[in-house]
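Visitor: Quick one: the structure is below, questions incoming.
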Amino acid sequence: MGSLYSEYLSPSKVREHYNYTKETLDTQETPSRQVALALIIILCFAIVVENLLVLIAVARNSKFHSAMYLFLGNLAASDLLAGVAFIANTLLSGPVTLGLTPVQWFAREGSAFITLSASVFSLLAIAIERHVAIAKVKLYGSDKSCRMLLLIAASWLISLALGGLPILGWNCLGHLEACSTVLPLYTKHYVLCVVTIFSVILLAIVALYVRIYCVVRSSHADVAGPQTLALLKTVTIVLGVFIVCWLPAFSILLLDYACPVRSCPVLYKAHYFFAFATLNSLLNPVIYTWRSRDLRREVLRPMQCCRRAAGVQGRRGGTPGHRLLPLRSSSSLERGTHMPTSPTFLEGNTVV
């Protein structure tokens, strides 16, 4: 066991594994590669800024402290950290990869797996919350906020455990024949296990939404109102975008498990599939701010403040800028809804 962990700091282990699984090693920085890296980093910074604005909006307004928005905030937090992880992964990829020690490589890849796990568990929590709200089951009780926070904390602990398994020993150091081609220090069985867990959870989420739609369609008008259907449409869009963005990456990882080493050239292009998957973290904030007037107004408030401050600065001695009014409630949250613990997205409040 001691000899295994001593290899974690070996500067030659990463190169050894890449030499075994890859036909050629990417050791040159070409202009096209530099442009691609710059675009990816810009995309990741956009992901961080978008999700940070959503988190600020949820934190600063008590209207968004309901179960639904807390889980959406958790999803935004995982997307924000995913953006940070993607930036680190990009900067440490290419020729830099071969100079990493195994422990640095595990930290680089593990951070991406942790944020992906957190996103999947956030989607599961949102689906459970919607099912609870529609079925009117009192799952949370009087201390619902505490239980919701415990559920969020548990999802992050499980995500840390899943992402940390390789650095704790479930890797292929010393067993080259068991290595993944896409992730050369991960064992194929670990990759298959993680993809299987995520796929099962996503299937369970889809099943929950199918049941929710069946309940809504067959229930009375107070449950199957336009607000409820609009909110279901929003969270279904979020789930659908996640599946569309990550399905190619999951497929390439399953193919990696099935293919013997150096027998599937498409695996050497896996970074394109993962780059496409990063779009999910960019699109999520766009979806639920586009669908909610209240959240959109609150997200845009910091930019409005900056613009107003700039206007006041430019009009020294002139009329002072308008004071920013408090956020007013719209019908999307409070008017005509029968589920006060969950926000509602109205089609009437959406600019399509």
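Just so you know, glycine gets a Cβ as well, placed from its N, Cα and C.
TrEMBL: automatically predicted annotations, no manual curation.
A quick note: this is a predicted structure, and the numbers were derived from the prediction, not measured.
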Visitor: Among 311-331, 332-352, where does TrEMBL put the label region 'Disordered'?
Guide: 332-352
Visitor: To the nearest whole angstrom, what is the C-alpha distance linking CYS264 (disulfide bond) and CYS179 (disulfide bond)?
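Guide: CYS264 (disulfide bond) and CYS179 (disulfide bond) have their Cα atoms 14 Å apart.
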Visitor: If you average per-residue pLDDT over the domain 'G-protein coupled receptors family 1 profile' (50-288), what number do you get?
Guide: 88
Visitor: Using all protein chains in view, find how many other C-beta atoms are within 10 Å of the C-beta of CYS264 (disulfide bond).
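Guide: 15, counting other Cβ atoms within 10 Å of CYS264 (disulfide bond).
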Visitor: What does the structure give for the C-alpha distance between CYS172 (disulfide bond) and CYS259 (disulfide bond)? Integer Å is fine.
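Guide: Cα-Cα distance, CYS172 (disulfide bond) to CYS259 (disulfide bond): 16 Å.
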